[in-house]
Amino acid sequence: MPRYAQLVMGPAGSGKSTYCATMLEHCQALNRSVQVVNLDPAAEHFEYPVIADIRELIQVDDVMEDDSLRFGPNGGLIFCMEYFSNNFDWLEESLGHVEDDYILFDCPGQIELYTHLPVMKQLVEQLQQWEFRVCGVFLVDSQFMVETFKFISGVMAALSAMVMLEIPQVNIMTKMDLLSPKAKKEIEKYLDPDMYSMMEDNSVALRSKKFSKLTKAICGLIDDYSMVRFLPFDRTDEEGINIVLQHIDFSIQYGEDLEVKEPKEVDEEPSNSNFDAFFQDTADS
């Protein structure tokens, strides 16, 4: 029987630990067995129980205090993750082997781990050898994504992780519950974006012809291949959380021995149908 894993990624402060705590609580309400593993050696606290904690193997503070290494916070974290990649047997022993395992891996926030360093790719390959079906869950803070150029930056980060790890990936805008009604209405266009229209709306801000061409080329790549779209995540909205879980389960074929159904939100114009309920509170604003 296969095992299942969500690799919860994203920049620092994007809400990875909150996502794990919320998803764990939601799955428990559905009587689904889900466990969490902390892979952030710099974590100070989190709101969920774990079956494995990388800090039992190595901690950033210990590395930084080692006079022979002389690492700062970022270098110390990279060292910890490289040490972890050489000690996957610790993770295997911590996980054990139970059929139908469903694990959430709460990962560090250093973006270079998902763009050009091999550590997370090695983790994915190791999990696959242990018969895990792995889905990347890339989080971005919705409060950061309300401007077109910031949105493009977030899309490129998500796309880099997708290309690097070569696994199914679901991209999520977190902290939707913290947005004002006006901001919710504004951000709807970024969930399933028309990149060309967005660029036309912001063409005045592109003063440099060289960078204007580059930005338009990037937007064209994203739009033409439909590579990146986002789902909203509001920790107070059980239906919205379930929609996210459906998409992830579908991508890794969770429970394939049962009748697997495609998530109801997968259709041609999701922005007009998927999120009506979520944004109904903005209709009168």
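From the backbone N, Cα and C atoms, a Cβ is placed for every residue, glycine too.
The GTP binding site annotation in Swiss-Prot covers Gly13, Ser14, Gly15, Lys16, Ser17, Thr18, Thr174, Lys175, Met176, Asp177, and the record cites similarity to another entry as its basis. For Gly15 (GTP binding site), the same-chain residues that are 6 or more apart in sequence and have a Cβ closer than 8 Å to its Cβ are Leu139, Asp141, Thr174, Lys175, Phe233. When secondary structure is read from DSSP and collapsed to three states, Gly15 (GTP binding site) falls in the coil class.
Residue environment of Asn74 (site 'Stabilizes the phosphate intermediate') contains 12 other Cβ atoms, counted within 10 Å of its Cβ in all protein chains. The site 'Stabilizes the phosphate intermediate' annotation in Swiss-Prot covers Asn74.
What Swiss-Prot lists as region 'Disordered' is 262-285.
Cβ neighbour density within 10 Å is lowest for Ser17 among the binding-site residues Ser17, Thr174. Summarising the GTP site geometry, the residues cited as binding it (Gly13, Ser14, Gly15, Lys16, Ser17, Thr18, Thr174, Lys175, Met176, Asp177) extend over a maximum Cα to Cα distance of 16 Å. Checking each of the binding-site residues Gly13, Ser17, Met176 against Asn74 (site 'Stabilizes the phosphate intermediate') by C-alpha distance, the shortest gap belongs to Gly13.
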